[in-house]
Amino acid sequence: MDSDYEKKTAAAKSLDWIKEGMLVGLGSGSTAAHMIRGLGEKVAAGLSIKGVPSSDTTAQLAREAGIPLITLEEAGKLDVNIDGADEFDANLQLIKGGGGALLREKIVAYNSKFNIVISDSSKQVERLGKFKLPLETIPFATKNIITELDEMGLSPELRKKGDEIYKTDEQNYIVDVDVLEQNDLVALNNILINIPGVVETGLFLDTTDVIIMGKDEGTVIFKK
Ligand SMILES: O=C[C@H](O)[C@H](O)[C@H](O)COP(=O)(O)O
């Protein structure tokens with residue numbers, strides 16, 4: 001089945017969780033974009049919600065879709081957050097950040113009472129790590145961080161956009177590392193996050209409540 005069709009189906013299903021008056025976290029990426037367009041249609045039909053975007057791109061898309069936006073500061077805690085993922089496993093653990101939005105995404109997820117992940121079936125894996133793990137790093141520290149990650153055997157690569165170094169919405173860099181051979185991702189995440197200058201990792205290990213996966217014509221739901 002076409003992965004974009006599965007993304008759309010999962011995104012449409014996630015809107016069942018959105019109720020009148022909710023504060024909604026708006027994820028980033030192509031799957032979340034389907035959800036945002038669908039949510040925009042519901043708003044146009046009279047649903048009253050407010051959204052907190054997890055990236056500048058999502059903010060723009062949400063404005064175009066007619067979704068009223070507020071800041072995280074204004075929102076405090078969000079009722080529900082809907083976001084995509086680059087990979088997920090049977091324990092609802094994720095790798096995110098393929099599009100570079102991991103930092104704000106993790107902040108929005110952390111500040112949400114309920115987290116829904118929407119995905120096509122290609123993202124389901126037995127073991128996380130075929131997708132390189134993105135780390136958001138402070139430019140000042142990045143060269144030294146890369147040296148350290150190299151010594152740890154994680155094959156770090158500084159993310160580029162064309163000839164330029166890729167910059168996140170927070171003006172940081174992304175270093176992608178290979179974690180496929182790592183057995184204890186919780187321990188690894190603790191080590192990575194404790195390197196000064198690593199702002200956040202794309203490992204979302206305990207944030208997710210429900211995963212809605214588009215599969216063929218329908219959806220499969222994974223819960224904790
Ligand atoms: O930084 C990007 C986000 O983590 C996305 O949610 C993730 O990369 C999945 O994106 P997509 O839905 O386009 O596959």
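Numbers run from 1 along the shown chain.
Every residue, even glycine, has its Cβ placed from backbone N, Cα and C.
Predicted, not measured: the structure shown is a model, and the values here were computed from it.
Take the CB of GLU105 (active site, proton acceptor) and look out to 10 A: across all protein chains shown you find 31 other CB atoms. The active site, proton acceptor annotation in TrEMBL covers GLU105.
Residues or ranges marked as substrate binding site by TrEMBL: SER28, GLY29, SER30, THR31, ASP83, GLY84, ALA85, ASP86, LYS96, GLY97, GLY98, GLY99, LYS123. For ASP83 (substrate binding site), the same-chain residues that are 6 or more apart in sequence and have a Cβ closer than 8 Å to its Cβ are GLY25, GLY27, SER28, GLY29, ALA32, SER54, LYS96, GLU105, VAL108, ALA109, ASN115, ILE116, VAL117, ILE118.
By the criterion of other Cβ atoms within 10 Å of the residue's own Cβ, the least surrounded of the binding-site residues LYS96, LYS123 is LYS123.
Taking a C-beta cut-off of under 8 angstroms and a sequence separation of 6 or more, ALA85 (substrate binding site) has the following same-chain neighbours: LEU94, ILE95, LYS96, VAL117, SER119, LYS123, PHE204, ILE211.
Within 8 Å of the centroid of the Cβ atoms of SER28, GLY29, SER30, THR31, ASP83, GLY84, ALA85, ASP86, LYS96, GLY97, GLY98, GLY99, LYS123, where the record puts substrate, the same chain has further Cβ atoms from GLY27, ALA32, ALA101, GLU105. Each of the binding-site residues SER28, SER30 was scored by the number of other CB atoms within 10 A of its CB, and the lowest score belongs to SER30.
If you draw a 10 Å sphere around the CB of GLY98 (substrate binding site), it holds 21 other CB atoms from the protein chains shown. Look at ASP83 (substrate binding site): DSSP puts it in a strand.
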